[in-house]
Amino acid sequence: GELQKRNKYPYRLVLNGAASKEIEWHVKHYQGRGLMKHFETGADLAKEFGIPISNLDKCFKEYNEIARTKKDPYGKKFFANTPFSTNDYFYVGVITPVIHYCMGGITIGTGGEVLKKNGDPIEGLFSAGEVAGGVHGLNRLGGSSLLDCVVFGRVSGASSATYLLNQISQGDIAGPASSKSGGGGGGPVPVSVTVDPASGSVTIGWGKSKL
């Protein structure tokens, strides 16, 4: 909040060597993605900021004193990984607003099928990921942002595969449009399903081919 009042961008997250060591895997991961930069010295960091190193050194000393006395004018109470020194290395990231997660979405059933307003499923339509709602409320639970994608992706994938297999076994899958008829739809594709209990295999004949 206090940073935004100054209206001077960009804002940066600065991690010194001690802070970077605590989350070493993360900083290297974000560095690889181009979201954080590594600076060997305070002089390199000051150059990135476009300020004299004396300004950065003064800022660090003031912060260290605040951390020592626990008297912060902005109300900060905890000061980990101090003191800061220009004779250190740093990992720095520019702070920008991003869309982290989209809440809500269309209603789905336990099989990932998309539901109408009356609760009936829309035949052949399945959903997964952030487009689907019903798992979280006003905010997601920490650590479960991939639940919609990973879990319901598998559920919806299995449900849609089952649906298509049933359609094929019943011969309800229409053939491709005929180019000779000016784009008219083709008729149902001949389908045969052969089950071999000995080998535990299922052979599906679709038209002249077998899957």
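Each residue, glycine too, has its Cβ placed from N, Cα and C.
Pulled from TrEMBL, these are the features on record:
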- 38-146: domain 'FAD-dependent oxidoreductase 2 FAD-binding' (DOMAIN)
Composition by DSSP (helix, strand, coil) of residues within the domain 'FAD-dependent oxidoreductase 2 FAD-binding' (38-146): 28 helix, 22 strand, 59 coil
Reported mean pLDDT - the domain 'FAD-dependent oxidoreductase 2 FAD-binding' (38-146): 90
